[in-house]
Amino acid sequence: MTQAELRLCSLLLRENFGEIVEKVGNSLLRTGPRPLRLLVGDTGLLPDQVKKALCVLIQHGLARYAPQPRGPVEYEARRERVLRILRYPRYIYTAKTLYGDPGELLVEELLLHGHLPMSAALARVAERLTETMEDGKSMDHSEVSATFVRLADTHFIQRCPVPPEVPPDAKVPPAPALAIDDKDRFIVPRLSLIGKGKRRHSCDEEEEAEHKAKRQKQEGGSSEPPPDDGIYWQVNLERFHQHFRDQALVSAVASRMDQTSSEVVRTMLRMSEVTTASGASHTQPLSSNEIFRSLPAGYNISKAVLDQYLALLADDPLEFVGKAGDSGGGTYTVSIFWGILGGFG
C-alpha cells in the first residue's frame with residue numbers, strides 16, 4: 001500500500017479507536033500477517049494491550065486471523081475495510097433516507113459497536129429516540145424492531161459468522177473458524193419485545209445503579225441472558241455499495257433517456273436487489289409482466305407503453321438493459337457493468 005494510504009488508515013484508526021489500536025493496526029498494515037509475539041515486539045506494547053487492540057479490530061471487521069498449519073495464529077489488517085470508515089456517514093444517511101430515524105440509529109449503533117445482538121440494538125435505539133420525544137412519551141421496542149426486520153429483509157444488516165460447535169471430547173482448535181450459511185444470514189430471531197425506551201438518568205442515579213449492579217454481582221446474583229444471546233448483527237457494507245451502484249445506474253439512464261425509462265430500471269433493480277449476487281454482471285431475468293405489476297402505485301403507463309420502453313432500453317447501444325428471452329411477455333436484465341464504471345461496485 002502507498003504511504004498516503006498507510007497514513008490515512010493510521011489517522012482513521014487513531015480518531016476512532018485511540019493510539020493503542022492505531023499502533024497495532026499500523027504494524028499489521030506495514031508488515032502484513034504476523035503472530036501475536038511479533039506484534040508485541042514491533043509495537044512495544046504489553047501483550048494484554050495488543051490482545052485488546054486485536055479484539056477491537058476483529059470486532060469491527062478491520063482485521064482477521066488465520067491459524068497456521070505449523071505455527072501460531074496470524075493476524076492480518078484489512079486495508080480496504082479500514083478505508084471504508086470514511087463512508088460511514090454516507091451509510092448512516094442512506095439508512096435514514098430509506099428507513100427514517102430508527103433505520104439511521106440502528107445502522108449507526110451497529111457501526112459504532114462493530115456488532116450487537118438485536119435486543120441490545122433495539123434497546124439502545126429506543127432509548128435514543130425516547131430522548132428526542134416529549135416528556136411522558138417513549139418509543140416502543142416493537143416499533144424499532146419493525147425497522148430492524150426491514151433492514152434485514154433488504155440485506156442492509158446481516159448476522160455475524162459464528163464458531164462451530166465443538167464436541168466435549170474433541171480437541172479445541174487454536175482459533176475457531178467462523179462461518180454462517182447464506183440461508184441464515186438474514187433470518188431475524190423472534191423476540192418477545194415488551195418494553196419502551198428509557199430516558200437517561202442523572203449522574204447520581206447512574207452511580208447508584210452501577211453500585212447496585214456491582215453488589216448483585218458480588219452476592220452471586222445474575223440476570224437472565226437475552227433471548228437472542230450469541231446471535232450478533234453487523235452492517236452489510238456490500239449491500240450499501242450495491243445501493244449506491246443502483247442509484248448511479250438510474251441516474252445514468254435518466255440522463256441518457258428520460259425519467260420514465262429510469263423509473264423502469266429502478267423498478268427492475270428493486271425487484272432483484274436481494275436475489276442478484278454482488279459480483280454478478282447482470283441482474284436476474286425479470287419478465288415484462290412482473291415489471292408491470294411492480295411499477296410504483298400511481299405510475300400511470302400501460303403495459304404496451306412499458307413494453308415499448310423496455311424495447312428501447314434493450315436496443316440502446318449502451319445496453320443498460322438486455323433482453324434475455326421471450327417468455328412472460330419478454331424477460332429482461334439490467335447490466336451491472338455501468339454501476340461498476342461509476343465507482344459504486
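Cβ from N, Cα, C; glycine included.
TrEMBL entries are annotated by machine, without manual review.
What TrEMBL records for this protein:
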type: DOMAIN; residues: 8-66; note: domain 'RNA polymerase III subunit RPC82-related helix-turn-helix'
type: REGION; residues: 197-231; note: region 'Disordered'
type: DOMAIN; residues: 201-334; note: domain 'RNA polymerase III Rpc82 C -terminal'
As a quick check of your reading of DSSP, tell me how many residues in the domain 'RNA polymerase III Rpc82 C -terminal' (201-334) are helical, how many are strand and how many are coil. 72 helix, 16 strand, 46 coil
DSSP assigns the residues of the domain 'RNA polymerase III subunit RPC82-related helix-turn-helix' (8-66) as 44 helix, 6 strand, 9 coil
